[in-house]
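Student: Take a look at the following structure, please.
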Amino acid sequence: MLQFGLAGNPNCGKTALFNELTGSTAHVGNWAGVTVDRKEGTYKSKNGENVGIIDLPGIYSLSPYTPEEIIARNFIINDTPDLIINIIDATNLERNLYLTTQILEIDCPVVIALNMMDIVEKQGDTIDIDGLSSILGVPVVPISALTGKGVDKLMEVAIKTASKKRDGKSILMNSPIKDAIVQVQTLLEEHNIPHVVFNAVKLLEADSISLENPLLSDHKDELKAVLDKIEENDIYNDVEAIVADLRYKFITEYCSPRINRKRAVTELSTSDKFDKVLTNKFLGIPIFLVFMFLVFHFTFSESLFGIEGLPSPGVFLQGLAESGVGIFSDFVAGLLETAGASDWVFGFVIDGIIGGVGAVLSFVPQILCLFLFLSILEDSGYMARAAFIMDQIFRHFGLSGRSFLPLLMGFGCSVPAIMGARTLENDRDRKITMLIVPFFSCGAKLPIYAMFTAALFKENSDLVVFGMYLIGIVTAVICAIILKKVVFKDENAPFIMELPQYHCPRAKSLILLLWEKLKGYLFRAGTVILASTIVIWFLSNFSFRLEMVGSGSAESILGVFGNILVPFFKPLGFVNGNDGWKAVVAILTGLIAKEAVVSTMGVLYNPSIGGDALEDDIARQALLGIIAVSFTPASAIAFMAFNLLSVPCIAAVSAARAELNSKKWTAFAILFWICTAWIVSFLIYNIGTLLGF
Ligand code: GDP
Ligand code: MG
């Protein structure tokens, strides 16, 4: 099977093209750094030919400076794809071509996919495709990855091109450093080193990977002699800068004239005009907060814009889902009754399984609603601005704003966010980012907030949930500062971020994203959460002597265990009375998956003890009622904060373990999360109580 690699700058539409080609649903994000690892898929051509497609991380060059650059480069050099599709954002032609000039140096067939042509056309610009193609010496195909226009043509050309071998060519061969390149090249050719042109240029640039190429290890001295000789000439003092300069010169001299721009480059585009306001030094943060508040208002408010009786879409959906779960539960209860099920079977199915899993499922539509709003902000390009604004804050504290990109992903799920921290060049920033990622409240923590706001904060649910997110962010910033001052003490890496153009969010990508999220929730509800619910039900109904002691009894196995840990949580306010252990157990099950906190509470705080199931609607109200009397506002927020900040779920911990690649650091991370959660909850509970909540 043919293998094609997709290479290009961050945000040029690689993943969009990958999805279009392979029919998969990888995350397309309107910011740099979404794809850090490579993804593979298969394209089926019209004549039934299969082509393997590899989506590589976005890169600006093939230098060995960032992990993505190394992943992409290693793939291209070592895995020898049959062809490289170099995707270029046609609205940013010049900058994108910088990478192209390097890719062309590799011995591999190349086709250029000129993406975002829909925008170019809309702007009224034209590009001389044939002219560009003849200058670069490879086919250029205009496409729009989003609409799919030109994609079939691209693959047709690509498959044809892949059958012909291609030797790397450098645009530097028409430059003053040509002689030096030829000298190194000759030496490499003598020893049969592949990708001679590419390696020759990189060696001149004193590129670390090329210098350490094992194929060269026997010829190190010889190579050094050649390089030293070249360096004697003054113009070769800083080859890297010269080469970069030559590449840009080539682009502006030969490629730029191929674009016919309707609007002068100096004129402000619509995007720039928006940015004047949205990323304004003073307005940026207030606007960001207003947007975020609106998102939460639309998802969690009982009365939209203060209008009594008009629920927000999120609350409305939640009501529907709740009735759905209720009807289902009644239906099953009816069936069990007809079948003459025993009390404990009844309790197990209705209180255990449906009570636990149903408690989670009933919040899913509301959470999808939140994700819809967040994805609209993301796809429109606004979230990249949010990162930019955050960078300005982070910078004051000496942190790289680049961390904010993986952190934003943390709002979805900590696992990809922790992996996303790979994009940070600097080891310190990477570690700090991984440590604070879980503080960016992930989707699985939302059911916890939804349940508590429904029980205790009906009036201000939007504010409370918004507040939880803020507590997470503020804690993250404070911890980052402390970690930087205490644990890591070294210099800062500069941060350059590019802001994508704003565009209208596309229904197709939004629907795909929501569908992925929904599948994720349903899958987890049907697997880990169902399993943990069953285990929790048994452990909370049976004593060590395996006698049924009734749900929620302190003599149950869980009760005994939970009570051992109660003293640790006592100062945090949420373990009062005989039932305190239940909150402890809920926190522990949150380690499996954060939704399990809710399903566990659904089982443990269940009002119908001993299988005497109540009507479901009433049961749910009663469950919320019990929670409302078991917690004070202060202890409820302390409880939510503890779940937000403490050790994330197993999946996130193992991702962190893999990325940190050290037992010591993983242990440190776990301890760090527990301590932070404990301290913040302690402060919230005690200050809140002092203030009379
Ligand atoms: P990657 O970082 O290269 O993988 O880029 P993505 O595939 O994530 O795309 C970045 C952004 O550009 C997303 O918001 C896409 O919706 C958008 N995009 C990608 N291709 C096109 C296109 O052909 N036309 C337009 N208008 N937008 C596109
Ligand atoms: Mg991508």
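Cβ atoms here come from the backbone N, Cα and C positions, even for glycine.
Heads up, TrEMBL stuff is auto-annotated, nobody curated it.
Not measured: the values here are computed from a predicted model.
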Student: Select from 192-209, 408-425, 498-515, 552-569 the stretch of residues annotated by TrEMBL as transmembrane segment.
Tutor: 552-569
Student: Taking only the binding-site residues ASN19, THR22, GLY23, which one has a CA atom nearest to the CA atom of MET116 (GTP binding site)?
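Tutor: That would be ASN19, nearest by Cα distance.
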Student: As a test: from 436-457, 521-540, 552-569, 625-653, pick the stretch that has the greatest number of Cβ pairs under 8 Å with the transmembrane segment (348-374).
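Tutor: The stretch with the most close Cβ contacts to the transmembrane segment (348-374) is 521-540.
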Student: Hey, does the transmembrane segment (521-540) touch the transmembrane segment (463-483), meaning at least 3 C-beta pairs closer than 8 angstroms, sequence gap 6 or more?
Tutor: no
Student: Would you mind giving the whole-number mean pLDDT across the domain 'FeoB-type G' (1-164)?
Tutor: 86
Student: How would DSSP class LYS14 (GTP binding site) in three states?
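Tutor: In three-state terms, LYS14 (GTP binding site) counts as helix.
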Student: To which of the binding-site residues GLY8, GLY23 does the lowest count of other Cβ atoms within 10 Å belong?
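Tutor: GLY23, out of the binding-site residues GLY8, GLY23, has the fewest neighbouring Cβ atoms within 10 Å.
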Student: Going by Cα-Cα distance, which of the binding-site residues (GLY8, ASN11, LYS14, PRO57) sits nearest to THR22 (Mg(2+) 1 binding site)?
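Tutor: Considering only the listed binding-site residues, the nearest one is LYS14.
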